[in-house]
Amino acid sequence: MGVLDIAKGMGVTLGKLFQKPVTVSYPEERVTLQPRFRGRHVLTRHPDTGLEKCIGCSLCAAVCPAYAIYVEAAENDPLNPTSPGERYAKVYEINMLRCIFCGLCEEACPTGAVVLGNEFEMADYRSRDFVYGKEDMLVGVEGSLPQRREAQRTGKPVRLGFKVPKGPRPELEGVEYPR
């Protein structure tokens, strides 16, 4: 019985040897994300006015099960408005180490300001760098927002096109890390 079992095992191994591999050579090869993929948070603007869509209602913070979102609202200046409403988000922070990417904040947002984009490469050296502020999440009107909503409507997967930085990072020169 022992030789027959070894032959069966070797047959499985040899059969898998000539199949296409499941993994990819990341980061040289990029994967195609599914239409409903939820990545890094993005705050959007109105395409016609360029004003922020976030009105500082804090519904996203209230619905977050991980308590990862902090919103501080302020009154909007009528002469120089930041958002179209009476209020705007003076402070909008999200702790990406606490976020579980559930998408409840995106569903709760009444203006569609919070969108979970396609970016998933969020590596850094310090945990404090994972707390993203409003400036880190706002995207411009020119359409730099990942086309996640369009992919959800059409059902076609989104192809990633991020550039991978190569070479030395001058901002990290001279930094010593504990061993």
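Placed from the backbone N, Cα and C atoms, the Cβ positions cover glycine too.
Record features, source Swiss-Prot:
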BINDING   C64, C99, C102, C105  [4Fe-4S] cluster 2 binding site
COMPBIAS  168-179  compositional bias 'Basic and acidic residues'
DOMAIN    45-74  domain '4Fe-4S ferredoxin-type 1'
DOMAIN    90-119  domain '4Fe-4S ferredoxin-type 2'
REGION    146-179  region 'Disordered'
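When pLDDT is averaged over the domain '4Fe-4S ferredoxin-type 2' (90-119), the result is 93. Taking a C-beta cut-off of under 8 Å and a sequence gap of six or more, C105 ([4Fe-4S] cluster 2 binding site) has these contacts in its own chain: H41, C60, A61, V63, C64, I69, V114. According to DSSP, the secondary structure content of the domain '4Fe-4S ferredoxin-type 1' (45-74) in residues is 5 helix, 8 strand, 17 coil. In the three-state DSSP scheme, C102 ([4Fe-4S] cluster 2 binding site) is classed as coil. Of the chain residues outside the [4Fe-4S] cluster 2 site list C64, C99, C102, C105, C60, V63, P65, A66, A68, I69, I94, I100, F101, G103, L104 have their Cβ within 8 Å of the site's Cβ mean position. For C102 ([4Fe-4S] cluster 2 binding site), the same-chain residues 6+ apart in sequence whose C-beta sits under 8 angstroms from its C-beta are R38, P65, A66. Cβ contacts within 10 Å of C64 ([4Fe-4S] cluster 2 binding site), excluding its own Cβ and spanning all protein chains shown: 20.
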